[in-house]
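As written in TrEMBL, here are the features:
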{"type": "TRANSMEM", "residues": "A:12-35", "note": "transmembrane segment"}
{"type": "DOMAIN", "residues": "A:65-276", "note": "domain 'ABC transmembrane type-1'"}
{"type": "TRANSMEM", "residues": "A:69-90", "note": "transmembrane segment"}
{"type": "TRANSMEM", "residues": "A:96-115", "note": "transmembrane segment"}
{"type": "TRANSMEM", "residues": "A:150-171", "note": "transmembrane segment"}
{"type": "TRANSMEM", "residues": "A:206-224", "note": "transmembrane segment"}
{"type": "TRANSMEM", "residues": "A:258-277", "note": "transmembrane segment"}
Amino acid sequence: MKVHNNKAWWLVLPVFLLVAFSAVVPMMTVVNYSVQDIFDSSSRFFVGVDWFKQVLRDSRLHDSLLRQFIYSGCVLLIEIPLGIAIALTMPTKGRWASACLIVMAIPLLIPWNVVGTIWQIFGRADIGLLGWTLNALGISYNYASNTTDAWVTVLVMDVWHWTSLVALLCYSGLRAIPDVYYQAARIDRASSWAVFRYIQLPKLKSVLLIAVMLRFMDSFMIYTEPFVLTGGGPGNATTFLSQTLTKMAVGQFDLGPAAAFSLVYFLIILLVSWLFYTAMTHSDKNS
Amino acid sequence: MAEIRLQNLAHSYSRTPSSAAEYAIREMNHTWEQGGAYALLGPSGCGKSTLLNIISGLLSPSHGQVLFDSRVVNDLTPQMRNIAQVFQFPVVYDTMTVFDNLAFPLRNQGMAEPQVLSKVHEIAEVLDLHPLLTKKASNLSADEKQKVSMGRGLVRDDVSAILFDEPLTVIDPHLKWKLRRKLKQIHEQFNITMIYVTHDQLEASTFADKIAVMYGGQIVQFGTPRELFERPSHTFVGYFIGSPGMNLIEVERCADGVCFANTRLSLGAALNQRLDSLDYQQLKIGIRPEFVHLWDLPGSDLPGAESLVEVAADSDAFSAEVVHVEDLGTYKILSLNLDGQPLKVRLQEDQVVPRHRASVSFSAQWLMVYADDFLVTVDAQEARHESA
C-alpha cells in the first residue's frame, strides 16, 4: 500500500497565493461586476448575462473590434517580414554588429507615452519635422484631420517602436544556426532563397512564434500611443478597443458592461493567441 | 571525377602566422588519385577537417594551390568544384520530406524530375531509406538523419569527389559496420574518389585502400593499412596505429648500433652507415608488440635466473622483468620492464605466459630506427648509391 503524504501541497501554496493575487482575484472582481448592476454599495442587482448580451450587440464595440483586428493584422504583416529582413542584413560580428544592436534597442527603451509625444510633435504640420517636410514637398498631410494620415501615422509609430523587437529576436535565432547548415547548403548548391526558405526560416520558427505572439498581444492591447497621438480621432478613426473600454468604464462609469466587455476582450486575445500557437507548432506534425 | 592534387598547400587561421605552430596545415604536397578510396586518419585537432574543407572549397587556403585534374580551383566555390561533402553531424532540411531532402542537390542543378525520381530511389535503396521517403526529415532519429545526410552526398554521381568528415560519429555501432560496407559498395559501383576523415583506425582500414595519417598539420605517412602497420614512417604512426601501439624507446648511438641504459642493440651494416651520414637531435627505436619475439625457456621463469637466461638465449636476447599481464580474450598483452624501459608484447592464446622474467629479442626485419621521429630507411640510401 502506498502511503499518501499530503504535506507536499504546502509547497504549492506560495505559487497558488501568488497566482491568486496576481491574476485570479483581480479577474474575479471583474467577473463580479459583469454579472451585476451596481448603483451604490447598498443597491445592487444580479443581472446574469444581460451585460454580455448588450455588449455583444453594441455597434460601437463592433467597430472598434474590427479596427483592432485590422490594426493588429497590419502590424504583424509589416513588422514580422521587416524584422526578419533587418535581422538578415545586420552584420554578424565586429564593431558594427554591436553598434547595430544598440541602435536597434533604443526604441524599445522609450516609454509608451513618450513615443506618442515624440510622434505627435514629429508629425505636426506647423512645427514637426515630418509633417512640415511632407507639406513642403506638396503632400497634404495632417493626422489630426485626415483618417488615412492618422492611421498611417499610428502604424508607422508602432513599426518604429516595435520592429526592433522582432529584428533582435530573429537576429539571435539566426546566430544560433550552426555554420555546418550553410556549408551543407553550399555543397548542395542551394540558392540564397533556398537557404532562407529551407534553413533560416525553419530554424527561426520558435523565435518567430514568440515574436508573433508578443506583437499580436501588445498591438491588440494598444492604448497609450494612439491616445497621446490622436486621442482616438479624427472622429473614432483610431479608437481601438482599449480606448473604447476605458471611455465606457472610467468616462461613463458603466462598470457592468465594461466588465463584461473586458472579459470578452480577454477571451478574444486568449483565443487568437492559442490559434497562432497551435497553427505554428502543429504545422509540421501533419505528415 | 577528378584527380585532386595539393601543391605546396598550407593554411593558417591567423592572418600573420609567425611560427610553425600557428599553421593548421603545414606545407604539403599530396595527390589523391581519381577513383581511389582514401582515409584521412589522425587525432582530433591535427588539421583533418581543415584539409577537407580546403579540398571542398568551404575554406580558402592561405598558401599553395588545390588542383582538380591539373586545373587550379583555389578561387572556385564548392558548387563550381562539384564536390559532395558529408559532415560529422547530420544536416537535414527539417521542413522537407526525406525524398525532397535527397532530391534537393539534384533539383538545384536543374535535373529533370523523372531522373530525380530514379536517382533518389536508387540511393534510397542503397541506404535502406525507402520506408522513410515520405516522412518529414524533422521527425527522424539521429541515425536516420545521418543516413539522409549521407544520401544527399551520394545522390549525385557526377561529382569530382565525395568527402566524408567523420560521418559515422552519431551512428550505432552495428549500423556503422553496415554503412561502411555500403560506402565501399557505392565506391566500387560508381568509381568516385572518396576521402574519408576519421580518428578511428579500424574505420580507416576497413573503408580505404590507402590511408593518409595526419599529425600536427602534416601527412606523415600515406600507404596501405599493411604498410602503416609494418613500416610506420613516423613514430606517431607507430603509436597511433595498432593496439597497443608500437614500443618506442629513446636510444643513443654506440659503436655498431644503438644503446639505452645497459642494453646494446647492434644494427645491420647498411643501417649503421646510414645513421652515420644523418644529422639528428634524437634517436628512437620502435618495434610492434606483435613482433617482439618471446623465448620460451623452461626454468628461466624463476627469480634470480637472469644468468641462466643470458647463457641460454642467443646473444641478441634480453632479459626483462614481467610487470603486468592483461588478458584481452583472444590474446594477452604482456607488460615488461626492459632495463628501465616499458615494453609491451602481444602474446597469442597458446603461448606460455612468463611470470617473473621473460627473454625477448628483436628481429632486424621489424626493428625500426627513427631519427627525429622519422623512419631511417636503408633502401633510399642504397638507391642513391646505385643512381650515383
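We count from 1, first residue shown onward.
Any Cβ shown, glycine's included, is placed from N, Cα and C.
Long-range neighbours of the transmembrane segment (A:150-171) within the same chain, counting only residues 6 or more positions beyond its ends whose Cβ lies under 8 Å from a Cβ of the stretch, are 71, 74-75, 78-80, 82-84, 86-88, 90, 101, 104-108, 110, 115-116, 119, 123, 143-144, 204, 207-208, 210-211, 214-215, 218-219, 222, 225-226, 229-230, 233-234, 237-238. Taking Cβ pairs closer than 8 Å, the transmembrane segment (A:12-35) reaches residues 46-49, 51-52, 255-256, 258-260, 262-263 in its own chain, all 6 or more past its ends.
Residues 86, 90, 157, 160-162, 164-165, 167-168, 171, 224-225, 228 of the same chain lie 6+ residues outside the transmembrane segment (A:96-115) yet bring a C-beta within less than 8 angstroms of a C-beta in it.
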